[in-house]
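Asks: Got a structure for you, questions after.
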Amino acid sequence: MTDDQILAEFRAADALLQGHFLLSSGRHSEYYLQCARVLMDTERAGRLAAALAAKLPRELKQAIDLVVSPAMGGVIIGHEMGRALGKPAIFVERPTGTFELRRGFTIDPGAKVLMVEDVVTTGLSSREAMEAVRAAGGEVVAEAALVDRSAGSNIDLGVPFYPLVAINFPTYAADELPPELAGTEAIKPGSRSVAA
C-alpha cells in the first residue's frame, strides 16, 4: 500500500481532520488523523493491518508471540494486527494513570511482544505501555503503528519502529502558534490527558 493509498483510506473515512487541535503531547496542530474513524470500517481496518504487517521483516513476524497495544487508541489496530499475524492480541490500560494488564490478561515470561499503536507522536504512550509489558515479564521486540507523526524527530522507543505511514504535519507549542490557529479554540480529540 502506498502512502497515497493509505491517506486515501483516511480521507474516505473522513478521518483526516482540519482545524485547531490540541494533541496529547501538549502541542497544537492544524491537522489531526482520527484513527478511530478509519478503523470503524472492519474491512478497511483489516486492509490497513495487513499492509502494516507486510512492513515487518519475516524474521520478526516469526519471532512474535503476542501483540500488545495501549488502550484506547491502539486496541482496534492491535487486534487487527494480531489477526494479520495469526497471534493473540491483548491490551494494557491505565485506570489510574499507569499502564497495567487487566481483564485477566497475562504475558508468559520471556514472551516476544510486538507493541502496536494507532499514532506515535512523541513515543511517550508507547514507552509507558512497554514498561507495563516488561513488568509483566514480556520482552518488547518492536513497535508498529499506523501513523508516525513524530515529524522526523527520530523518537527513540528502544526497539525497531515500523510505521505504515509517516506524516509530517507541523505541530506548535502553545506560545508558538501561527495566527490562523492563535485566534481559534483548540479541540482535544485524543483519549489521553494532555501533557503538562
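Yeah, the Cβs are placed from backbone N, Cα and C, and that goes for glycine too.
For reference, Swiss-Prot lists these features for the protein:
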- Glu117, Asp118, Val119, Val120, Thr121, Thr122, Gly123, Leu124, Ser125: 5-phospho-alpha-D-ribose 1-diphosphate binding site (BINDING)
- Thr121, Arg149: orotate binding site (BINDING)
Asks: For a quick check of packing: other C-beta atoms within 10 Å of the C-beta of Gly123 (5-phospho-alpha-D-ribose 1-diphosphate binding site), how many?
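Replies: Gly123 (5-phospho-alpha-D-ribose 1-diphosphate binding site) is surrounded by 21 other Cβ atoms within 10 Å.
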Asks: I'm trying to understand the geometry here, so how far is the Cα atom of Thr121 (5-phospho-alpha-D-ribose 1-diphosphate binding site) from the Cα atom of Arg149 (orotate binding site), in Å to the nearest whole number?
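Replies: Given the Cα positions, Thr121 (5-phospho-alpha-D-ribose 1-diphosphate binding site) is 5 Å from Arg149 (orotate binding site).
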Asks: Which secondary structure state does DSSP assign to Val119 (5-phospho-alpha-D-ribose 1-diphosphate binding site), in the simple three-class scheme?
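Replies: DSSP call for Val119 (5-phospho-alpha-D-ribose 1-diphosphate binding site): strand.
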Asks: For Ser125 (5-phospho-alpha-D-ribose 1-diphosphate binding site), what is the secondary structure by DSSP, using just helix, strand and coil?
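Replies: SS state of Ser125 (5-phospho-alpha-D-ribose 1-diphosphate binding site) = helix.
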Asks: Express the distance between the Cα positions of Glu117 (5-phospho-alpha-D-ribose 1-diphosphate binding site) and Arg149 (orotate binding site) as a whole number of Å.
Replies: 12
Asks: By the DSSP assignment reduced to helix, strand and coil, which category contains Arg149 (orotate binding site)?
Replies: coil
Asks: List, in sequence order, the residues of the same chain other than Glu117, Asp118, Val119, Val120, Thr121, Thr122, Gly123, Leu124, Ser125 whose Cβ lies within 8 Å of the centroid of the Cβ atoms of the recorded 5-phospho-alpha-D-ribose 1-diphosphate site.
Replies: Ser24, Ser25, Ser126, Ala145, Arg149, Ser150
Asks: Report, in whole Å, the straight Cα-to-Cα distance of Arg149 (orotate binding site) from Gly123 (5-phospho-alpha-D-ribose 1-diphosphate binding site).
Replies: 10
Asks: Enter the number of other CB atoms within 10 angstroms of the CB of Arg149 (orotate binding site).
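Replies: Cβ-Cβ neighbours of Arg149 (orotate binding site) within 10 Å number 26.
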